[in-house]
Amino acid sequence: MDHEADAFRDLMTITRFVLNEQSKYPESRGDFTILLSNIVLGCKFVCSAVNKAGLAKLIGLAGDTNIQGEEQKKLDVLSNDVFVKALVSSGRTSVLVSEEDEEATFVESSKCGKYCVVFDPLDGSSNIDCGVSIGTIFGIYTMEHSDEPTTKDVLKPGNEMVAAGYCMYGSSCMLVLSTGTGVHGFTLDPSLGEFILTHPDIKIPKKGNIYSVNEGNAQNWDGPTTKYVERCKYPKDGSPAKSLRYVGSMVADVHRTLLYGGIFLYPADKKSPNGKLRVLYEVFPMAFLMEQAGGQAFTGKKRALDLVPKKIHERSPIFLGSYDDVEEIKALYAEEEKN
């Protein structure tokens, strides 16, 4: 982009966007804006580390082959450290739940704030070596009391989240965010170092022609999932078959589903009867975004955002995407329940 030639354009950065949203609420003190700024900073840091990872491993930048190689292997740990520090230093968080940490992190009272953040610092990190898109997923809750924070402050249904999003590190770095009033996508301009609004008010198509699932697990699926995937491949109503697209990185698969429509499935199976994806920092944020974009998210039993987790690393099956596509698999589960 020629920034001098396009200087007249009204570039909406993510900070300006959130400040504009904040101005709609006169009682707002800017706490959420500060918190989000720190999340954005974490995303920029991780994006830079991910982009250098393969190069550092191959040629050893500045001769630090061993150190860089070690960092490459532990990029998910590095990402976790970055986000924990960014969130604590914001002074706006009280409880942090990360995919990398067995226990929740409770922020000391001198730096404590009113928000609880659940996150997966680097989802799909096993794909780093082959250059596949990976990402950070996050969800934000508000503490409704001034008592000592506990895990109960995050063990709440997803419909109580105040914001959710993900940052995808791929051919471009894109942050997709919802604060409960629609879904917006921001792309990182490397020359500016700013996330610019490039995808305002994202709406998922009502029906799609893509399904996304790991068919390697097909022999272990339940009846409704098996029937649904068969319908996708061999429709009996004369409609064209759906195309299979599966990256194996949740952020990449959900991002494509959000933009192009279709359905993402990660069902329970005989090996993982409770599902594989974690409720708090994978299922809930993605379900929140899908609903805000006009889609649906279903667990096989209920609306995903109505789940009430009992443990911070609890797992669940998930079916999310275009409204009509999810409606179809819901009907198959309802049919099985009747029988």
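Positions of Cβ are set from backbone N, Cα and C atoms, glycine also.
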Candidate from GLU230, GLU282, GLU291, GLU314 that Swiss-Prot assigns to the same Mg(2+) 3 site as ASP120, ASP123: GLU282
Of the candidates GLU99, GLU144, GLU148, GLU160, the one that Swiss-Prot places in the Mg(2+) 2 site of ASP120, LEU122: GLU99
One of TYR115, TYR141, TYR228, TYR246 listed by Swiss-Prot as binding substrate at the site of ASP123, GLY124, SER125, SER126, ASN214, TYR266, LYS276: TYR246
LEU122 (Mg(2+) 2 binding site) CB neighbourhood, other CB atoms within 10 A: 28
Among GLU99, ASP120, ASP123, GLU282, the one of these binding-site residues whose Cβ has the fewest neighbouring Cβ atoms within 10 Å: GLU99
Cβ-based isolation winner (fewest other Cβ atoms within 10 Å) among the binding-site residues TYR246, TYR266: TYR246
Secondary-structure category, per DSSP, in which GLY124 (substrate binding site) falls: coil
Residue from ASP120, SER126, TYR246, TYR266, LYS276 whose C-alpha is spatially nearest that of GLU282 (Mg(2+) 3 binding site), among the binding-site residues: ASP120
